[in-house]
Amino acid sequence: MSAPGHWSVPGHWSSGVNPDIHSERTSPSFPVERVTNLLDGGAELTATRRHVESIINSDSTFSQDDRYFLTRVEQYEGSVRRAVRLREKMKELGWADNGTEAMFAFRVLGADVAFGIHNGVFIPTIKELGIEAQIAKWVPLAQDLQIIGTYAQTELGHGTYLRGLETTVTFDPSNQEFVINMPRLSSIKWWPGDLGRSATHALVLAQLYTQGKCQGMHAFIVQIRSLVDHSSLPGVTVGDIGPKMNFDQVDNGFLILQNVHIPRENMLCRYSEVSPDGTYVKRGSDRINYFSMVLTRTRLLSAEIIPALAKACVIAIRYSVVRRQSKLKPGEMETKILDYQMQQQKLFPQLATVFAFHFMASSFEAFCNQVKVQIKSKGDFSSLPELHALSAGLKALLSDVCSAGVETCRRACGGHGYSLLSGLPSLYTRVAGSCTYEGENTVMQLQTARLIKNAGFQLQSLLQSGVEQYVAWDSTSILLAQAAIAHCQYTIVNNFVETMSRLQHEPEIQQVLQVLCDLYALSGILANAEEFLHDGYMTGHQLDLVTASQRDLLTCVRKDAVSLVDAFDYSDQQLHSAIGSYDGHAYQRLFEWAQKAPMNAKVPFALFLALSSCC
Ligand SMILES: CCCCCCCCCCCCCCCC(=O)SCCNC(=O)CCNC(=O)[C@H](O)C(C)(C)COP(=O)(O)OP(=O)(O)OC[C@H]1O[C@@H](n2cnc3c(N)ncnc32)[C@H](O)[C@@H]1OP(=O)(O)O
Ligand SMILES: Cc1cc2nc3c(=O)[nH]c(=O)nc-3n(C[C@H](O)[C@H](O)[C@H](O)COP(=O)(O)OP(=O)(O)OC[C@H]3O[C@@H](n4cnc5c(N)ncnc54)[C@H](O)[C@@H]3O)c2cc1C
């Protein structure tokens, strides 16, 4: 520490690691690398991921040092540059689109690389709902960025209620074409990502009409811009929907189609098709055209939703050991804020939640892949309702909990948590979108509730009393949504316990993770205490025991907290945080990054004159 009164504005970094964070890493009670391996799915995958990250982090195109000081157009153009560079890298290095390296590359870059809907929804939907000939035609063009696609389903007037979508696609057997129309203002496609400036093609989800009958929502590939000069095609009006809470780098757009003609072959027809004479042929489940959303909900858990809370925990816990404020014991040094029980009560249940959700998402993705194979190779749709119900409930629960958890981490960092430079506000505004997109959470919970017994009794008694089905359903919906959440919580705790039981051959990591498993379960009981008391499932005394046990567990986690967040293995480039970096030099980074603010650029002389003239 420099002598009082004599210090220099840091023009350089304090070398090494902040001693306050260094002391937290000297004796972890578990092998940190083994937890990293467990989270990656094995040591080999950790090595592959790190190799991919080192390639990305060493390429200046992917650098985002100025990310907090860019205009919206600069953010969009930067994300497009990164997307094109990534495609070049993948070609140079031979990373296959469905390979591990590409999966890690997209995960590291997330929405910071353009064409997230193109890569994450447009291409997978063609693979799932298209026949082999359609996959062979469109997917290579898309993977090579010769076409850019979007997924255009939501309209100005409808997002949740898909049976209410107004865009019509009518088959004309005389010329073997579909004619697409949007009958009114509320029919305009509104929100699709990559649509506003980038997309050349759209997967348009619309009501299919053939032989005068509506056959419900189907998917159609529609070219919307020229591949020569990128201008919009005849009958097409397209643009950006304007500023949003986050995702400024994404060109969410609007699309109007008036009398646009497409060939019959452009309807994705793995599970349904229109014959040349206009006959509609259906294969499989009524709701198979919703399958792409089920897959996206599942992928978003580990691609977007859980990483937001994981990064927030890394930032908040690292900052909480380098931030000293007030004194626990008079006369001693100021206290690390992580030593306050309240700070532990805020942050450690969030940390336990990340592990619980990580293990749940891994198990659920395995189940989802199993169902995909069942459907595609055997035409067996029997597991689709369960997959839908659970994917809807998990997406709703995990996005709700992770959004609230990121906000808790942000608030736990005081004023610096309110600075964009901490990385926390943008983590929150970004993950908050997941409570809405890919199925609004309330509606998703109610989809899960269709399976749940207790709510069913209430529903049954209403129906038996003669109440109409839709009235009975809506008047039970609060109970139904609660039942759906409880069902998902039970599934998550059960999965965490089962995951721990499979670690008996690694006692050191089993022990530290078991503490988090217990903390997650007990915190869940405390957060829903009224339910357990209401049903007589627990007494007040038992709840007191839960509270005391939770407090003891917080103390157990405290010793290893920094090592546990280090195990997530996020690089500083991925955290984009001045207060959560590995070396713990929060104050130096805040000061240096602030110098980049355009507000600190040389005051223009004209402004100086104007200011001086008014005083
Ligand atoms: C990895 C990603 C890329 C990463 C990249 C980088 C990051 C980037 C981040 C941003 C990424 C943004 C990505 C946003 C992309 C969008 O937001 S796309 C638009 C998403 N929109 C939605 O999710 C719409 C939500 N609405 C719906 O799904 C449907 O309207 C509902 C709610 C399921 C209701 O459908 P419905 O036809 O009215 O059916 P309903 O009457 O409720 O049910 C009838 C029966 O069908 C069943 N059913 C309903 N749905 C299904 C289904 N899907 N399957 C099976 N059965 C079903 C019901 O269970 C029910 O069965 P029974 O109980 O009768 O046995
Ligand atoms: C960041 C972002 C990216 C997106 N990307 C895409 C994309 O790429 N492609 C695309 O097609 N769409 C996209 N969307 C749109 C998104 O899918 C819709 O916003 C979402 O499906 C919700 O529909 P909505 O906005 O019409 O809300 P509504 O369906 O109008 O719901 C509004 C509110 O009404 C209530 N409500 C609605 N229905 C019910 C019900 N049955 N019971 C009880 N309450 C109900 C709920 O409180 C709900 O929050 C995106 C949205 C966002 C925010």
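Every residue gets a Cβ built from N, Cα and C, even glycine.
The feature region 'Disordered' is assigned by TrEMBL to 1-29.
Taken from TrEMBL, the feature domain 'Acyl-coenzyme A oxidase N-terminal' covers 32-148.
Feature annotation from TrEMBL assigns FAD binding site to T154, G193. Classification of G193 (FAD binding site) by DSSP places it in coil, neither helical nor stranded.
What TrEMBL records for 290-451 is domain 'Acyl-CoA oxidase C-alpha1'.
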The domain 'Acyl-CoA oxidase C-alpha1' (290-451) [mean pLDDT, rounded to integer]: 95
Mapped DSSP class for T154 (FAD binding site), helix or strand or coil: coil
Neighbour count (Cβ, 10 Å) for T154 (FAD binding site): 19
Residues of the domain 'Acyl-coenzyme A oxidase N-terminal' (32-148) by DSSP state, where helix covers H, G and I: 91 helix, 0 strand, 26 coil
